[in-house]
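Q: Encoded as structure tokens, here's the structure I'll be asking about.
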Amino acid sequence: MAASNQSEVNIGMVGHVDHGKTSLTRKLTGVWTDTHSEELKRGISIRLGYADCEIKKCETCDEPECYTVGKKCDSCGGKLQTLRKISFVDAPGHETLMATMLSGASLMDGAILVIAASEECPQPQTKEHLMALDALGVEKIIIVQNKIDLVSEEAAVENYNQIKEFTKGTVAENAPIIPVSAHHGANLDVLLKAIQDFIPTPERDETVSPKLYVARSFDVNKPGSEIKDLKGGVIGGSIIQGALKVGDELEIKPGIKVTEGNKTHWVPIITKIISLGVGSKKLKTAYPGGLIGVGTELDPNLTKSDALSGSLAGIPGTLPETLEKMEIEPQLLERVVGSQDELVIEPLKTNEVLMLNVGTSTTVGVTVSARPDRAEIKLKLPVCADKGDRVAISRKIGSRWRLIGYGIIL
């Protein structure tokens, strides 16, 4: 069970650019997840944003009015009982940032697919994001029909029918569709009830060896800090199994690239956990759920500017091997989604360059051999992954990487 300061479940906020993912996240959590200056300037999410909220229930009101994220009941002002804390992962909706969305999907226990009622459905990245959730095995999905305040009742019903038609035969075929206005905060109680009903906290085995997907890494020191005040590098990510404690030794793989003569190999990094935290709250032990900040003894130079994002961290000696080459069983989609002309997807070819997402890592690989049921791929950047893990596969089509399917590591 996650500590009380910690979220129990990670929910992805996905969908086409400008359909209101970040606005909805803000309404639910009070946090505007576009915090990087470039994001504020361009009005789009570039990196994964994270924000937590507590779902609460009024002890006297009926459903769904009893659900809120506020400090008191929205209907009667009465006392609230906290049901659980959840963490939202706000993924970029822009087509050029698909790799970031795919790396975020590996952290998601469920997802909210945001679709604007004011535009035709499906838009290109609505399709691509739904396929990505399917490819990476995210099955617990709620559809939010946002911006209903901008359309007439007839247009909202027509858009609802388009959503039903679009999701037919997909992983979201039976997903609830909740009409919402994130701008006005309308129907959020119904959405909170749906989150409680349709995205349960997964069963977690806390006795297994811990694994942490690293999604971000930072140097938290300000320029000009005194040497005595310097802090070690910080990594941020989600624990996917087991538990980490302050004082534990931590191994981070693939680690550092070392060149000796004309040979290059990767050396895992070993460090110690100095602190664990969620936002500004400190933890002694961290469990799966939410984004965890892990303070280490590492040289901050190793962690600055997300240098370790895409790594896997755990107790030394328990992590899978680092792969510079991988064999996968490909499962390709029939057509390319996300582009205007939905081309038929050809089988993988020998010497083809592919983009692969494994866990939170993004790498490029060249197929050494390719058959319909098996492909061997040499990776430009190695990844630390287990047999049986899913790999999202993207192919360069025109000037963009497009998701074409997934593979299982053999």
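Backbone N, Cα and C atoms are what each Cβ position is placed from, and that goes for glycine too.
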Q: Swiss-Prot lists region 'G4' for one of the ranges 146-149, 166-169, 258-261; which is that range?
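A: Matching range for region 'G4': 146-149.
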Q: When you get a sec, could you say which of 43-47, 238-242, 248-252 is annotated region 'G2' by Swiss-Prot?
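A: Feature region 'G2' in Swiss-Prot: residues 43-47.
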Q: Quick check on the annotations: Swiss-Prot lists region 'G3' for one of 6-9, 70-73, 90-93, 394-397. Which range is it?
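A: When 6-9, 70-73, 90-93, 394-397 are checked in Swiss-Prot, region 'G3' belongs to 90-93.
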Q: Can you check which of 15-22, 119-126 Swiss-Prot lists as region 'G1'?
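A: Comparing 15-22, 119-126 with Swiss-Prot, region 'G1' matches 15-22.
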Q: Work out, from DSSP, the number of helix, strand and coil residues along the region 'G4' (146-149).
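A: Per DSSP, the residues of the region 'G4' (146-149) fall into 2 helix, 1 strand, 1 coil.
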Q: Between S181 (GTP binding site) and C73 (Zn(2+) binding site), what is the CA-CA distance rounded to a whole number of Å?
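A: Per the Cα atoms, S181 (GTP binding site) and C73 (Zn(2+) binding site) stand 19 Å apart.
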Q: Quick one: average pLDDT across the region 'G2' (43-47), no decimals.
A: 42
Q: Counting across all protein chains shown, how many other Cβ atoms sit within 10 Å of the Cβ of C76 (Zn(2+) binding site)?
A: 13
Q: Translate the DSSP assignment of T22 (GTP binding site) into the three-state scheme.
A: helix
